[in-house]
Amino acid sequence: MAQPTPLDCCLRKCIQGDLDTSMSRVEVRTFDSGATDEERQSMEVCWLEDNEAVFHDICWKALLDSVRSDNPFTLSRLEKELLKEAAKSAEYCDSYQKVQYECSRVARMLKSANYAVMFTGAGISTSAGIGDFRGKAGKWTERDRERMHGASKNKRSQGFVYEQLRPTYTHEAIYKLLQLGYIKYIISQNTDSLHRLSGVPRDKISELHGNSFHEKCEKCGARYERPYAMRLSKKNSFLQPRICVHCHFNHRTGRRCERKGCDGLLINTIINFGDSLEKRVLSTADEHAKKSDLILCLGSSLRVIPASDFVEKGQPPLRLVLCNRQPTPFDHLCYTVDENEGRLGSRIFYDCDSVMHELMKLLLLPDDLSEWEDGREKRMEQYAAQREMSKNGECI
C-alpha cells in the first residue's frame, strides 16, 4: 500500500483525532445548496467546494442519527436535506488492516475453489476513466440529483473515448488469475471491452449488456469484433436507422454484413434499458454461475436484474465475495456461516485495484509478481497497437 494520505474529517465537532487513507471512512457528495458563506459556516459539516465531504465512520453515523432525532447534533432543515441526499450514494472504505485480513481469506478461498467465477461491474473501470453509475458522482446519481435539486455548478464530465481506454490493474489481474486457473469464467455487466482487450478469450466471458466493439447482422446473426467502438456512420447515413421498440434507440451502425450473399444491416450489441438480454449470452452465464462454488463480485452495486441474480446461483454452500464502495442487496450472503460457525464469504468496502493488488501479492510468488507488474508498460503498448489495427476487424 502507498503511504497513507492525511485527510480532514468534515465534521466540525469531530473528536476522533487523525484521519488518513489507511483508516475506515465514509465519503459523500450532495447537491449545490446555494447557501451563503455565513450559512455554510454555521453548519455542522464543513462541506467542500465540490459538495463533497469525508468522515470517520463514527462521525458519519452520528450525523445520520442527528438527521432522524436531532441528537447528538441539532441540524438545520437545509443541512438535513444535504445529508439525506449524501446518504443515498455514500461510499464506504474499510481500514487497510481489515482489507489485508479479508484478502488473506479470499486468497485461501481461491486456492481451495474448484470452480470460481468472477462477476464484474462498472467499478472496475473507473480508474480507466469511465464514470460509474451509482457512485457518489455516478451517472444515474447525478441525473437523479439534477431532477430533484437542479444542475450542479461543479458537474463532472462523463465524457471519454472508448478507443483510448486501457485495462486497469483489476482487468489485468483477473486475466492473470484466469491464466493461472484460479478463475474459470467471467460474467460482466460492462460494455467497454476492456476484459477482451486485456486478453480474455471470447469463450471465457459472458458480456451481459453487450460489447461496444461488437456488431451483429440483423439478417443472419453473424458477429464482428472491431478495433473501434460502434457508432452510427455518417458516411452511410443513407442506410435508414430504425428506432428499437424496446429501448427507443437506434441500434443500426450504418454497415452491412460481409458474409457472401447476405448483405444484411449490422446493429450494435448494446443492451439498453428496456432491451432483453441475448438468450445465448444469458444461458451461457447461467450455466457457469450454477457450476461455481465461489463467486467474486467486483465493482457492482448489484441493482440491475437479471444480471445481479447470478451472484447467488452457485453451488451450496454459497461462497460469495463482494468488493465495492457501496452496500448491495446481497451483502447479507457474505456473512452466512457453515456448520462450524465459520464465515463462508467476504465483504470488502474498498477500491478494486487496491484489493486486487493485495490478492496478487498473496497468490503470486514475489519474483513472479514483480515480473508481471513490471510488464504493464509493455502491455499498454500492445493494447494501443490492437486499437490501431486494421479497421476491418474480424468475423466472430
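Cβ atoms are placed via backbone N, Cα and C, with glycine included.
For reference, TrEMBL has these:
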type     : residues                       : note
ACT_SITE : His209                         : active site, proton acceptor
BINDING  : Cys217, Cys220, Cys257, Cys262 : Zn(2+) binding site
DOMAIN   : 96-366                         : domain 'Deacetylase sirtuin-type'
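Here the features listed in TrEMBL are placed on the structure.
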residue	record	Cβ within 10 Å
His209	active site, proton acceptor	19
Cys217	Zn(2+) binding site	21
Cys220	Zn(2+) binding site	12
Cys257	Zn(2+) binding site	21
Cys262	Zn(2+) binding site	15
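When pLDDT is averaged over the domain 'Deacetylase sirtuin-type' (96-366), the result is 89. If you take the Cα of Cys217 (Zn(2+) binding site) and the Cα of His209 (active site, proton acceptor), they are about 17 angstrom apart, rounded to a whole number.
A distance of 21 Å separates the Cα atom of the residue listed as 'active site, proton acceptor' from that of Cys220 (Zn(2+) binding site).
Within 8 Å of the Cβ centroid of the Zn(2+) site, not counting the listed residues Cys217, Cys220, Cys257, Cys262, the chain contributes Glu218, Lys219, Gly221, Ala222, Arg256, Glu258, Arg259, Asp263, Gly264, Leu266. Secondary structure at Cys262 (Zn(2+) binding site), as computed by DSSP, is coil. DSSP assigns Cys217 (Zn(2+) binding site) to a strand in the three-state reduction.
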